[in-house]
């Protein structure tokens, strides 16, 4: 009885232990088993020291999903993926070799965390979702993928959320292609990379701003394990970034040492959650070339927030301080150009107190200056003339110039007439 039991356990162990994959029927190689290739090329098998064909899309391009199977990423929301050591630990267990072994949120039922390469939740290094806006998978190149979502608590849970940027544009006809990427901690197991490609779609898209061309990520975060306790923000890659292609025979874009792997976390400026600065208009002032000596840290512009905060122009032809229909009083206040006129200035020009919270259009400096010297009625005209005559008389006396008796008398007579 014991030998039979041990044989059953031995047959079961390869299916429940070791490594992790993204599981969904939209993925390439969804039904690949240990016997499909001359070598073990199941989706959970890690990738290291391989040729480009062997590691790119896990060499599963000849095992595509059904044309209509897509994984949906809702713009501005979270998409929940299933990460597990075996398909039987997911909701797709009915097509697995070992049947249903689900155990709640456990990514690797019956196995310790070392099977998914971590010593604990404090030792996880993050994973990423990347997208290529191309429906023909054969046309996609490594530099076409852009990381758009990162979960730094990965791998730890079977159900893993990936926040999607709100401004993700829609996919082309035929959909997009995405890929899940992971590089684990060096504290538990040998180093590798993980990649599972799949058909995907962006749902609920309201923006058509394209993604920027992704660049290679750079090591810039605090790295105390390798003698660098402080981050170097100037050395970071900002904006759209490529996935980390590392430790292969060819096709690498990262060349870190085996004992210092790259990660999808702050070490390479992959912030947790949606990567909201990956669009062509995210950095209107440009991005400086990264280097350890660079001191300028660019700040992305949240174009969506700016657009929402900008009031729509009024169609009534009113002044710039007028708000559009439906705008709040706050929006009207903030859209007024220049400072508000003081209460004193308001009363002087209208004779009334200014309504609370309502700005008064301020005259330009030139216009105000002109009005100071315009007399609006006959009495003021007389007063102005008297003032001018008195000014002329005083200037004449100061300069020692003598007017003709008739002119001087006329001036004095005009002053006396008042």
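Along the chain as shown, the residues are counted starting at 1.
Glycine is treated like the rest: Cβ placed from N, Cα and C.
Record features, source Swiss-Prot:
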- 1-18: signal peptide (SIGNAL)
- 31: N-linked glycosylation site (CARBOHYD)
- 85-108: disulfide bond (DISULFID)
- 94: N-linked glycosylation site (CARBOHYD)
- 127-154: disulfide bond (DISULFID)
- 151: N-linked glycosylation site (CARBOHYD)
- 171-176: disulfide bond (DISULFID)
- 178-200: disulfide bond (DISULFID)
- 201: N-linked glycosylation site (CARBOHYD)
- 220-236: disulfide bond (DISULFID)
- 235: N-linked glycosylation site (CARBOHYD)
- 307-343: compositional bias 'Low complexity' (COMPBIAS)
- 307-364: region 'Disordered' (REGION)
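Taking the Cα atom of each, residue 236 (disulfide bond) and residue 176 (disulfide bond) are about 28 angstrom apart. According to DSSP, residue 200 (disulfide bond) sits within a strand segment. Classification of residue 154 (disulfide bond) by DSSP places it in coil, neither helical nor stranded. Within 10 Å of its Cβ, the residue among the glycosylation sites 151, 235 with the fewest other Cβ atoms is 235. Under 8 Å, Cβ to Cβ, and six or more positions away along its own chain, residue 94 (N-linked glycosylation site) finds 100.
Considering only the recorded positions 31, 85, 171, 201, 235, residue 154 (disulfide bond) has 85 as its nearest partner by CA-CA distance. In three-state terms derived from DSSP, residue 235 (N-linked glycosylation site) belongs to a helical segment. DSSP classifies residue 127 (disulfide bond) as strand under the three-state reduction. The two recorded residues, residue 200 (disulfide bond) and residue 176 (disulfide bond), have Cα atoms 5 Å apart. Residue pair residue 235 (N-linked glycosylation site) / residue 108 (disulfide bond) shows a Cα separation of 37 Å.
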